[in-house]
């Protein structure tokens, strides 16, 4: 065989150029008469093992070739196409990597859908069982049970936790518990639309915390783009507005709590996936929620709370309602946490505001409220505000990308 160049390029991928009965080297005989600069091996990624012996025999002087092919087979354990270029194994991009915007959009849609279901069922329960501290515990208890079962079957595999990570997650879990309980207090005392009107201020809390706590400079244009979002959601909610100081204050506290939860959850994701992070947060938050539920509502529940609820709807419906609102609560928060992993905290907050438009709209339909012109205008303004924010943010990210690429070239 003629001398072979020191630089080889191997490319293993699915192709229409190989035989269905056997996989052979392309133009193998031609290597006897001319120097070989580029050797291509074309095969189905799931049948790479059948090619490896031939590669080893043909390129026996180069021991590293066998290593490369072995690595290629290992890299393809999950059935992905792989590529070997200059000795480096490079798995081809999956669907999520090829279409990140589409996947992120799916996360947002699922988050919205589950949240709408939760809010409607949750409000229906409060209409006959107004005990927000106990209901908050039920929400978390169902979620924790779900997490423990998921870990048991290995979907997902439980990530180990150490003292450092526990110390990091504990304040996050406290903020989660506080925000959750205060939101439920507001839902139980005022209309759903009023609670979501107050909670529409969350982007401003998030922007303030991002700039003054994390030190991220928020441009004036982004600050201005948030104004129509909040104003629009507020307008969409005014038709159901029923002021109550308890509902107002508790909703404001939940805004602050959830803002810090989002920011510090983002930091906690550096060493653990978001699913495991939220599972541990739920477990710790449940421990924080138990004492107030026992001491504040425990005596009332034992005297007449449970009895009255069962008398109104029956034992089966009462228990099934509590289970399903707990399940939907956990699932929508899990998806929200997965979404936070994909976007910045401020983007997450704006998406949260738009989610409230959906919640308000569906609550109007379910509870039979008439949709006024003001509600329609407010919804349109909110959506326009989110669109403006998205365009400004996308333009800024594109400018950063171009600047980084230019600096890399220099």
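The backbone N, Cα and C atoms fix where each Cβ goes, glycine too.
Check TrEMBL against the ranges 195-212, 375-392 and you find transmembrane segment recorded for 375-392. Note on TrEMBL: of 76-98, 99-121, the range annotated with the feature transmembrane segment is 99-121. Ranges compared are 133-153, 154-174, and TrEMBL records transmembrane segment for 133-153.
Across the candidate stretches 99-121, 133-153, 353-369, the maximum count of CB pairs under 8 A to the transmembrane segment (276-295) is reached by 133-153. Taking every listed stretch (220-239, 245-264, 353-369) in turn, the largest tally of C-beta pairs under 8 A with the transmembrane segment (99-121) is reached by 353-369.
The stretch in 133-153, 245-264, 315-332, 353-369, 375-392 that contributes the largest number of Cβ pairs under 8 Å to the transmembrane segment (220-239) is 375-392.
Within the chain, the transmembrane segment (375-392) has long-range Cβ neighbours (under 8 A, six or more residues past its boundaries) at 219, 221-222, 225-239, 350-351, 353-354, 357, 360-361, 364.
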